[in-house]
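Take a look at the structure below.
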Amino acid sequence: SRCTHLENRDFVTGTQGTTRVTLVLELGGCVTITAEGKPSVDVWLDAIYQESPAKTREYCLHAKLSETKVAARCPTMGPAVLTEEHQIGTVCKRDQSDRGWGNHCGLFGKGSIVACVKAACEAKKKATGYVYDANKIVYTVKVEPHTGDYVAANETHKGRKTTTFTVSSEKTILTLGEYGDVSLLCRVASGVNLAQTIILELDKTAEHLPTAWQVHRDWFNDLALPWKHDGNPHWNNAERLVEFGVPHAVKMDVYNLGDQTGVLLKALAGVPVAHIEGNKYHLKSGHVTCEVGLENLKMKGLTYTMCDKSKFTWKRTPTDSGHDTVVMEVTFSGSKPCRIPVRAVAHGSPDVNVAMLITPNPTIENDGGGFIEMQLPPGDNIIYVGELSHQWFQTGSSIGRVFQTTRKGIERLTVIGEHAWDFGSAGGFFSSIGKAVHTVLGGAFNSIFGGVGFLPKLLMGVALAWLGLNTRNPTMSMSFLLAGGLVLAMTLGVGA
């Protein structure tokens, strides 16, 4: 699965009868949805971008100077005059120079002098700013079912589906082939203040240098370089890259301050680099909050017969995925298709299956299958696939796992924010409370009661509530009632 290869992975586990779950998707992360009676699905935010954003200013990094002219007058003869002084695209400077008999003046004193030079910009020496439009930013979300096929990190799963969302998008339904349909309704949010963000792009001159950065609008507007708007042929403040020398009689030198690319690159050290792909300008941060409908998903292979247990061999022995799960792959030499008999037992409990399958109902197909992912309790375990067995020690602790999943649930609810609550009606408010409980405690509940059936969990919740009603100690009574209520809510709830 896609999520197996990513470091930032989250699990959202639906309880019995779950039809909808709420996810928080962020760039670089991946969420695996598991629910009883449903295929597991990976969902991730693949990209945030805008096509062809609008240009704002262009800055010149290296001036191109030409047609230098100088005019001078003797003392008392009035100001020097050049017609170019009032032409657009020309940089001029007025000053006073020492005049006398040695340079063709009858009087000694200060005379007027003016120098002008035509200023343009060297080719491939521009820095251009682009602005985002929140209404045109596209969020690409991808969905992939767990089919039991191993897919390398650099390969694309044949069942992968892609959809896009904008601020005006509505619900999308994706067809996952034999696994049914999944619906997505996503609310988008960029991780940056778009009104204050500029993409600064340099003309491409060297392959080893980055070409674009995500900068603040105020910093961009304060750059001390010549600038112009798109389509304007003349540069404003061109004098910023021109220096005039000290005047001598009828002469004034003009100097080009040279290429400012290195100065700009030094100023951009540590600034987030922007990614540009063709005409797509990507954002580096942001998230979407998606409500995923699971009601039309269906498990594949439930009618298959069980595989012959003696005809399995390891293709990839059990390995730690890095996400508190175990992954493995087997090959099968018997008749296909069929269901893979897989289970795991803990030390001292040989009759209790402790494996929580992330790949539900693993199968061998005519053209693939055999990849299995599962979660095991901390400690010594033995994994069985048919007659194959493998001893496995799962690191960590049950308490630590509960705290970790609860922390992730709180983070998820915090990101969802105000969208998690419906104050429009009493029913909506209580539904929001149920959803919040599922979001925060769903993972912890599954860690504790993952191997317990629906009826035992229901009876446990009822028993705790009954103890709470019949206990005279107020503290004990409230504790039992709260615990019983949570167990019943997590057992009977249909949304996470």
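Note: Cβ is positioned from N, Cα and C throughout, glycine not excepted.
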Going by Swiss-Prot, the cysteine from C290, C338 that pairs with C307 in a disulfide is C338
So, in Swiss-Prot, which cysteine from C30, C60, C74 is disulfide-paired with C105?
-> C74
Given the disulfide-bonded residues C30, C92, C105, C121, which one's Cα is the least distant from that of C186 (disulfide bond)?
-> C30
When the Cα of C290 (disulfide bond) is compared with the Cα of each of the disulfide-bonded residues C3, C60, C92, C105, which one is closest?
-> C3
For C338 (disulfide bond), the one of C3, C30, C60, C92, C105 that lies nearest, given that the disulfide-bonded residues are compared by Cα = C3
Would you identify the secondary structure of C307 (disulfide bond) according to DSSP, in three states?
-> coil
C3 (disulfide bond) - helix vs strand vs coil (DSSP) | helix
From the Cα of C116 (disulfide bond) across to the Cα of C92 (disulfide bond), what is the distance in angstrom?
-> 4
